[in-house]
Amino acid sequence: MTLTLPSAPKIGMVSLGCPKALVDSERILTKLRSDGYSLSSDYEEADVVLVNTCGFLDSAKEESLAAIGEAIAENGRVIVTGCMGNEAEVIRNRFPEVLAITGPHQYESVVGAVHVAAPMPPSAYLNLVPESGLKLTPRHYSYLKISEGCNHRCSFCIIPSIRGDLVSRRPDAILREAEKLVAAGTRELLVISQDTSAYGVDLRHATWPWKGGEVRAHMTDLARELGTLGAWIRLHYVYPYPHVDQVIPLMAEGLVTPYLDIPFQHAAPSVLKAMKRPANEAKVLERIHRWREICPDIAIRSSFVVGFPGETEADFDYLLQWLEEAQLDRVGAFRFEPVTGAAANSLPGVVPEEVKEERYARLMETTARISAAKLQAKVGRQIDVIIDVADGEGGASGRSKADAPEIDGEVHLRDAADAKQGDILRVLVEDADEHDLFGVPVG
Ligand code: SF4
């Protein structure tokens, strides 16, 4: 007897915003796939299109509204979720035909909305999902979200009002997910959250049974356990609380990738105070020097805001001087932009746009010079490179342990005909520019 299965509705997804939003999209798609839905990569075929929005900056909101408009024009049946879901009225006013609007982390609601908009035919077959879930990243690297929300109240940020206070995942659940990802081919795990150093605070750093022993809900313990899985473990969004010092020896031992993404945002004490930044303490430079003594290869990436309200020329000079001393490996910079609802908008001392531009250019010039010198110092050394793209004809590009995907530099390889995506190759560095390295596989 031939069994004819009814065809499952197809879901399209437009995912905007940060890696945390990407993880949300993966979870939603994983749940929908396990419910029997099919996925569609084009508007035309989709029975309904989900738009996972970002509402962090006003420019991101505009981008989200434009994406909703495009999905409506191309398909017409649209469900909106994510950070902008908290501003349902704005969306409804512009696009009254949107089928449903849900906010961030409302997985059940958005999945429920899909079931209403495109009901499954009876008797669809389940278990269509690989053990590791569905991923929007390439197979060889995966984001691993360890908590949601944030207990801080930085004056330029509205994330806590969108996503709420810190809620950490259980460490055993995180480790189980990480194991599945590694078993499915992930060779690099990117640990993300709003505040990775605060992981487990809400759980009072309790312990859970794990592999015959126990694991504590704490960044250091989690990093150590993740380090046993054999993948590169890259820590993002780390604030320099004192206990961060404890993960540096794990990097020196090779358990955790020697890379710290610390969004310092500024260095001048008065600006940091106005920003209400967490772990804002004077001894950070000393600690960075100590970290480098313990783990000389540690790469530190950070981001900075220029033109924050009240930032004086002296504050900005302080920041440049601080950068000269800190010698950070990777730096991203932003000109301050008011976000609707952020406390910083009402601070005095608005910095004119042309001053912001001029400071931004000076900061980029400083950090590009530091980056170029640091990369030049790697010429002649051998490093490990994870391959992201291989053209099969000898050209390939990938990243060293100092480079996270999307935000940092790349390593461009010649004579790498055997390289495949996800391989980790030993590479001789032959040349460098301001952002990237150039090399050839050895051995
Ligand atoms: S630490 Fe500050 S910037 Fe980061 S999410 Fe929390 S409030 Fe926002």
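Cβ atoms here come from the backbone N, Cα and C positions, even for glycine.
As recorded in TrEMBL:
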DOMAIN    9-119  domain 'MTTase N-terminal'
BINDING   Cys18, Cys54, Cys83  [4Fe-4S] cluster 1 binding site
DOMAIN    136-373  domain 'Radical SAM core'
BINDING   Cys150, Cys154, Cys157  [4Fe-4S] cluster 2 binding site
DOMAIN    376-443  domain 'TRAM'
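Annotated features, which come from TrEMBL, shown on the structure.
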residue: Cys18; record: [4Fe-4S] cluster 1 binding site; DSSP (3 states): coil
residue: Cys54; record: [4Fe-4S] cluster 1 binding site; DSSP (3 states): coil
residue: Cys83; record: [4Fe-4S] cluster 1 binding site; DSSP (3 states): helix
residue: Cys150; record: [4Fe-4S] cluster 2 binding site; DSSP (3 states): coil
residue: Cys157; record: [4Fe-4S] cluster 2 binding site; DSSP (3 states): coil
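Same-chain residues that are not part of Cys18, Cys54, Cys83 yet have a Cβ within 8 Å of the Cβ center of the [4Fe-4S] cluster 1 site turn out to be Leu16, Gly17, Lys20, Ala21, Thr53, Gly55, Phe56, Ala60, Gly82. Each of the binding-site residues Cys150, Cys154 was assessed for Cβ neighbours inside 10 Å, and the highest tally belongs to Cys150. Contact annotation for binding-site residues (Cys54, Cys150, Cys157) versus ligand 1: Cys150, Cys157, each with CB under 6 Å from a ligand atom. It is 14 Å from the Cα atom of Cys157 ([4Fe-4S] cluster 2 binding site) to that of Cys18 ([4Fe-4S] cluster 1 binding site). On the 0 to 100 pLDDT scale, the model's mean across the domain 'MTTase N-terminal' (9-119) is 86. Compute the center of the Cβ atoms of Cys150, Cys154, Cys157, which mark the site for [4Fe-4S] cluster 2; besides them, the chain residues with Cβ within 8 Å of that center are His152, Arg153, Phe156, Ile158, Ile159, Pro160, Gln194. Distance noted between the C-alpha atoms of Cys54 ([4Fe-4S] cluster 1 binding site) and Cys150 ([4Fe-4S] cluster 2 binding site) is 17 Å.
When the binding-site residues Cys18, Cys54, Cys83, Cys157 are compared by the number of other CB atoms within 10 angstroms of each CB, Cys18 has the fewest.
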